[in-house]
Amino acid sequence: MKGSISYQIYKGALLLSALLNSVSAQQVGTLTAETHPALTWSKCTAGXCSQVSGSVVIDANWPXVHSTSGSTNCYTGNTWDATLCPDDVTCAANCAVDGARRQHLRVTTSGNSLRINFVTTASQKNIGSRLYLLENDTTYQKFNLLNQEFTFDVDVSNLPCGLNGALYFVDMDADGGMAKYPTNKAGAKYGTGYCDSQCPRDLKFINGQANVDGWTPSKNDVNSGIGNHGSCCAEMDIWEANSISNAVTPHPCDTPSQTMCTGQRCGGTYSTDRYGGTCDPDGCDFNPYRMGVTNFYGPGETIDTKSPFTVVTQFLTNDGTSTGTLSEIKRFYVQGGKVIGNPQSTIVGVSGNSITDSWCNAQKSAFGDTNEFSKHGGMAGMGAGLADGMVLVMSLWDDHASDMLWLDSTYPTNATSTTPGAKRGTCDISRRPNTVESTYPNAYVIYSNIKTGPLNSTFTGGTTSSSSTTTTTSKSTSTSSSSKTTTTVTTTTTSSGSSGTGARDWAQCGGNGWTGPTTCVSPYTCTKQNDWYSQCL
């Protein structure tokens, strides 16, 4: 389940792109230039990874919104200026968004690493942030993940209860919606076009217009509110986590790409009818603690959150190709040079350690949850979003809708200790966002070493009884683009400690057209996943 995405900023909101006349449009301001911090990532093949030079942009809900004729705020606290913004159309013409002041948000990058700080105070106070990976200054990077894997390193050691360092994909437009909605002149350069499976209604602008009509300020969030419109699209939550709990969760939608909804028909966190929309707001989540494995993840546990680790997510298809139907989502971890598989569920009636349609149906039945996942297309529905190509989101937030209890505590709060699926972590149910903000202002998350490529191409590691050595050589290659540099990194890994010959643990060992090894090093067994893919497990 995914909670509210009500990210906070204490004095500001959205401005959008410039037109030179008074027609309705999202305007671009001129008070602060928009610049994008550099962030590298890697594309991998079976034997090498190519480093790609990208950058990140902060979501357009963060920068201050002011009048096009001066510096008067269009949005202060959680309220629109009634003169500048009497309605959606007029507000879009009167107001503009400038570049984000990253020194105020204290979002920092270094090489392939991104750090997001929780509470920051400069000229104004900011809570959390949401960023997108860019291909170039005006286009989001799109990822096609079917029959691929996605890997990144994360440090959650400074994320306590009540916080969510979320890394995920959404099916938003690569240009931020500029082509579809000509009144949006800001686009991806300024972080516009966000959508997710909650169909968020707290966005200040959607589809080139303001979200003023029907705006109701939040009662418990001094920076946010809810408008008449929401922005929907398929969402693949690779990682929602703090140092106590984590979850991987696909959320399909009837229409995978970005669409605008109205009022209660949006469903999700922001509507009285949670299941009244066209997306699955709950998703099908694999949280190890919720699945009965309470000693797998956390400080000092199998995955020790006191230290950084690698997260690997694989997207298998029914025919082993990038054009097939999504059939399974697998999860691995690497920590201390050791590959660690996702734990097996211990819930009665729910077996396995990966997400499939049958696993999701069994989990929904065991927990008594509404099966919106199946209703909105299940794995095939999620795969349709992945086939579109999705934008990478990296964020840190707290939850003014349900206090993040759905991730790391007991939810619903009136559940008993024997209620199936209610226990999601060890955190207390009594905390509130304002307490989290005042108690842990220095919390932060670090994402780094992002890689994508064919299955088993982005990570290496042994087991407790094996050791490995890695030799890496690099060379730079020129490109025709002045904005992008590609570096080829060739990695050779030699392992010892496992007896016999064959494919290493977790590697491919069979499938239609497979020409590599068909046996596994001891003690692993070549296990068939489908006709096109077998793996050493």
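Here the Cβ of each residue, glycine as well, is placed from N, Cα and C on the backbone.
Annotation comment: Swiss-Prot describes 1-18 as signal peptide.
Taken from Swiss-Prot, the feature N-linked glycosylation site applies to N136 (among others). Its Cβ taken as reference, N136 (N-linked glycosylation site) is surrounded by 16 other Cβ atoms within 10 Å in the chains shown.
Annotated active site, proton donor per Swiss-Prot: E240, in sequence order, evidence recorded as similarity to another entry.
The feature N-linked glycosylation site is assigned by Swiss-Prot to N414 (among others). The local packing around N414 (N-linked glycosylation site), expressed as other Cβ atoms within 10 Å of its Cβ over all shown chains, amounts to 9.
Per Swiss-Prot, N-linked glycosylation site is recorded for N456 (among others), and the stated evidence type is sequence analysis.
Here Swiss-Prot flags 501-537 as domain 'CBM1'.
For C526 (disulfide bond), other Cβ atoms within 10 Å of its Cβ number 18. Per Swiss-Prot, the feature disulfide bond maps to C509-C526 (among others); the stated evidence is similarity to another entry.
In the three-state DSSP scheme, C520 (disulfide bond) falls into the strand class. The Cβ of C520 (disulfide bond) has 25 other Cβ atoms within 10 Å, all protein chains considered. Swiss-Prot lists C520-C536 (among others) with the feature disulfide bond.
Taking the C-alpha atom of C536 (disulfide bond) as reference, the shortest distance to any of the recorded positions E240, N456, C509 belongs to C509. When the alpha carbons of E240 (active site, proton donor) and N456 (N-linked glycosylation site) are compared, the span between them is 23 angstrom. The least crowded of the disulfide-bonded residues C509, C536, judged by other CB atoms within 10 A of its own CB, is C536.
Checking each of the recorded positions N414, N456, C520 against N136 (N-linked glycosylation site) by C-alpha distance, the shortest gap belongs to N456. Taking CA atoms as the reference points, N456 (N-linked glycosylation site) and C509 (disulfide bond) are 11 Å apart.
In the structure shown, the C-beta of E240 has more C-beta neighbours within 10 angstroms than that of any other entry among the recorded positions E240, N456.
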